[in-house]
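Colleague: Encoded as structure tokens, here's the structure I'll be asking about.
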2 protein chains.
Amino acid sequence: MRTSIATVCLSGTLTDKLHACADAGFDGVEIMDADLTVSYESPEEIRALCRRLGLSIDLFQPFRDFEGVSEELLAENLHRAEAKFALMNRLGAETILVCSNAGTATIDDDATAAAQLGRLADLAAEYGIRIAYEALAWGRYVNDYRHAWRLVQMADRPNLGTCLDSFHILARGHDPAEIEDIDGEKIFFLQLADAPQLDMDVLSWSRHHRLFPGEGSFDLSSFLTHVLKAGYTGPLSLEVFNDTFRQTDVTGTAAHARRSLTWLADRASAANDWSTDRLPAAQTPRSVDFVEITGSDLGQADETLNQLGFTFRGKHRTKQVRLWTMGSTRIILNEQSQQPEPHLSAIGLLVDDAGQALARGAALGAPVVFRRTYAGDHELKALGAPDGTVIYWNDAPAEDTWVSEFHGGQPAVDSSHAVDHINLSYRWHEFEETVLFFHSVLGLDAQAPENVPSPQGLVRSQVMRTHDGTVRLPLNLAPPTAPLPPRHIAVTCTDIVGLAQSAHERGLHFLRIPENYYADVQARFGLGAEHLATLRELNLLYDRDEAGEFIHFYTPSIGGLFIEMVQRVGTYDGYGAANAPVRLAAQRRRPHPHPTSR
Amino acid sequence: MRTSIATVCLSGTLTDKLHACADAGFDGVEIMDADLTVSYESPEEIRALCRRLGLSIDLFQPFRDFEGVSEELLAENLHRAEAKFALMNRLGAETILVCSNAGTATIDDDATAAAQLGRLADLAAEYGIRIAYEALAWGRYVNDYRHAWRLVQMADRPNLGTCLDSFHILARGHDPAEIEDIDGEKIFFLQLADAPQLDMDVLSWSRHHRLFPGEGSFDLSSFLTHVLKAGYTGPLSLEVFNDTFRQTDVTGTAAHARRSLTWLADRASAANDWSTDRLPAAQTPRSVDFVEITGSDLGQADETLNQLGFTFRGKHRTKQVRLWTMGSTRIILNEQSQQPEPHLSAIGLLVDDAGQALARGAALGAPVVFRRTYAGDHELKALGAPDGTVIYWNDAPAEDTWVSEFHGGQPAVDSSHAVDHINLSYRWHEFEETVLFFHSVLGLDAQAPENVPSPQGLVRSQVMRTHDGTVRLPLNLAPPTAPLPPRHIAVTCTDIVGLAQSAHERGLHFLRIPENYYADVQARFGLGAEHLATLRELNLLYDRDEAGEFIHFYTPSIGGLFIEMVQRVGTYDGYGAANAPVRLAAQRRRPHPHPTSR
């Protein structure tokens, strides 16, 4: 399908926006009247630039507050419209969006509104222009798409049709199934926006909180299906008013926007078994294959992993890279870095078909990452996530493939340890793009967000996970003024007390938990004195719900990350969210001086 | 009255918060259970620190989800409560906040709830603790303060009273007048919070958007009056959950919070003609006395003012300072600066009593600024605004006082020019504090905010003004990632076309307005061709409403500021908000190279 985007979604000047839309691969744009008004380029220049960039001008918008008015105001409105039609002729735009009157309507009468829309259409016809009439969710008399469609039918002009906007329809809870009753040729335009489920006035929700498809709560795949079944053949166009996207880098945001449409078109096609717009199937990860930590000196990581009981599996035969494992948890330490601070640089995932996973990600606009391999090295497929973290896919057991590239370590010790979750932190303006990436490229689903208090503000936490919980990525959104919290790798075990004791004996410095925390645990859970003493002595944290228990501890940070060991008892399915404020407060303290010997 | 604040209002560790509260002059604190839980200091250490800092611990809070439950859950809840009572004994806190059950209540029966609260009070009595029971706005069965008070009466225990929170009462629209029916001695605690009028779910509104008194839409003066008339004698305490305040500098935010209570206590006292807690009366400014621009080289400002038709009134007799005037508009250019970039450094206001204005501001915690004066110089009173801009007060005509310190210029030319408004821009985290400062110290009132699109995101605009519009300060809140927009001084005139033509002849470079803007003006207003040609030729902007017209133009920026000339026709009372996006887009372009000669 053809794709389009409203220039209001993006930051910058109109020409900045047009270049970014073309770079991202959009076929066309909706030009916002206000963006043209503040632009120094003439309509003819914008028209020529769009032509050179290969962008069609699919819509000029919006034209507000037209119908349902007195004859006197109608004359003014027709004057206003005619000036815009003349401008559109210069611009080369053929369709204008007319929103239902939200400001000046005084006559609540369908016959009047339809007659006035008819006069507008007749005037537009003189300029060769089509009117796409849309019901705003907060229109004074017309705020339901079915009502707008009735008025279009009543006016009955060839150049008058309707525009459907997913936000205005789904935010009001109107049933989109009735879209199929509309004549598809009379759906002159389709605007798509997602949104989080918020309980607030619909105007503020629409103006500030819209999201690109796949980032919110709306079922846009079903919505789009109804529109396509009605016979709509125009472009899928994004109209997303969002305070963040309006100020983020225009090129990155346009690419992010384009990815959302690719994902949505595939989702709708897949749901309907259509053959067009299909992507390679999502390869939902079966487990975490490995996690890679990169830094110029990872001696402290070696020491911590050893203290936790990881097994050293050797050095890579050609690279400055080491492997540690614990059960199916594989941590690669990579010292081939220009960036000295240790950081979580890559995540490897086990999937059924790595080639398909790569092809899907690439089709969704993610950059393919080249991994330098030597003769005999296993070739892993890889893509870059929006923040630069590399995602690798493997479709064969690690022990049979890339693990054999490591030499000189000890044999694997069988155990039940596995990666429980990988906690990733982001800046406020990276968050939505990351959610869309993990959802569309990796096939993970977003859980409901939570807010976690920290000494430097609220941290928003949203878990992305596979349905079965095998792969879980809690994402943390840092407050704007706070430093990014460290990321972490959580590893499961079945005897956390024994493991913590051993680690303690091997000299591990645990993240020290305040005494007051244990008084609170005791108040909330009424644990036995001995159990509580063990938790306190070993700096273990505790949570419990109807399903089971969660016991965990943290290592101090190694650069920008740390390790968490967790034990799940019963079917506990959370992450100890009640303990996160304790961790965030504890991590803000100056870390222990860490003596290392080489 | 005694003042207190909940530690959840502030950023940092518990000890950071306590130091900041003491520094700001609070008498006591409400200690949040969660803040203590994540603290490494023992309850005894916190108690001792509070004693040393002179802070009473007025409340320990919150205790949630207690009443209206099964006997089995009640036993658990009593266990949980008893652990907190023991902790409070260590901490030296005597009153605990118990919120109405929002999570676990299953029995909607007043007799049961009252009996369970009675059992809690009896347990608390063993520890010498008082229970302050509060109706949360989203409590499952109890969400009205009158209901909470009925339960307190039914339970009838000496150590069980109620806690009133302005947010929970006013957000629900409950009539606060009935507070006077409560026995004042049974109001164990009072929590104050303001909030903007938002149409959203009350839980999100409460958790993220509360404001300090004077910054939102609630009538807290009336609210407080009802509480005091009921006979409440405890502290006025702030409980403000706000995403911004949770991450801003703790010392500054505590001082800001304290100012809000001083203002509120005065406001309530004044409304009731009480003699306590009164501040010197607000000196609402009668006009702008002067505006001061500071920078190390202000030659471009001299040139621009000359081109606009300002009169050079001479050099200061002892300082590197010059004066330009146009009617009652006085602009001081101050080159005694360490900061080279020209910026708006001070605003002088004409008031009835400058001494009172200074005393009021100082009582509200604003720092008194020392102005270096020499023999014979007029002594002006001055305070620092939160962002460092200096506010001067004068209570005698400028021409009779400080203007005589300037020598060597031309005589004043009589005219009707005056300062129309001064537009000030702020970072997102400076905004609320600034609103409170201008409201409490200067006596300006906040108008409804608007959002203005810019190429780098939405700019929030909120006008602070005197009732009669003589002094107007539009405040602009920049998007987090955008540079601060320049500030500006707007000056009225009665013949803007003639003034612009003269300025043009004198070589002024106007901020160039795009051609497309005039096509839009023509579409919206249908001006005559000649009128439009004049606007276009002179780069004038135009607005019109039912009340009149507004014509204006901007100079290019001189460092961090520029000058706007405006003509108001009829009783137009706005600021050309529809033109602000044009200005913001135009200012983002590279400025004209500005040749200056000395």
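Positions of Cβ are set from backbone N, Cα and C atoms, glycine also.
Remember, TrEMBL labels are computer predictions, not curated facts.
Copying in the features that TrEMBL gives for the protein in this structure:
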{"type": "BINDING", "residues": "B:E134, B:D165, B:Q191, B:E239", "note": "divalent metal cation binding site"}
{"type": "BINDING", "residues": "B:H421, B:H488, B:E564", "note": "Mg(2+) binding site"}
{"type": "DOMAIN", "residues": "B:19-265", "note": "domain 'Xylose isomerase-like TIM barrel'"}
{"type": "DOMAIN", "residues": "B:421-521", "note": "domain 'Glyoxalase/fosfomycin resistance/dioxygenase'"}
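For the listed features, I'd like the structural context: burial, neighbours, distances.
Modeller: Counting only same-chain residues six or more apart in sequence, the Cβ atoms lying under 8 angstroms from the Cβ of B:D165 (divalent metal cation binding site) belong to B:E134, B:L190, B:Q191, B:L192, B:A193, B:E239.
Under 8 Å, Cβ to Cβ, and six or more positions away along its own chain, B:H421 (Mg(2+) binding site) finds B:V463, B:R465, B:R472, B:L473, B:P474, B:A490, B:Y575.
In the predicted model, residues of the domain 'Xylose isomerase-like TIM barrel' (B:19-265) average a pLDDT of 97.
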Colleague: Out of B:E134, B:E239, B:E564, give me whichever of these binding-site residues has the highest number of other Cβ atoms within 10 Å.
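Modeller: Compared across B:E134, B:E239, B:E564, the most Cβ atoms within 10 Å surround B:E239.
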Colleague: With an 8 Å cut-off on Cβ distance to the B:H421, B:H488, B:E564 Cβ center, who else from the chain surrounds the Mg(2+) site?
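Modeller: Sorted by sequence, the hits are B:D420, B:I422, B:N423, B:P474, B:I489, B:A490, B:V491, B:F562, B:I563, B:V566.
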Colleague: Per DSSP, B:E134 (divalent metal cation binding site) is which: helix, strand or coil?
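Modeller: Looking at the DSSP assignment, B:E134 (divalent metal cation binding site) belongs to a strand.
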Colleague: How many other Cβ atoms are found within 10 Å of the Cβ atom of B:H488 (Mg(2+) binding site), counting all protein chains shown?
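Modeller: Excluding its own Cβ, the number within 10 Å is 25.
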Colleague: Apart from B:E134, B:D165, B:Q191, B:E239, which residues in this chain have a Cβ no more than 8 Å from the mean position of the Cβ atoms of those residues at the divalent metal cation site?
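Modeller: Counting only non-site residues, the set is B:L97, B:C163, B:L164, B:S166, B:F167, B:H168, B:F189, B:L190, B:L192, B:A193, B:S237.
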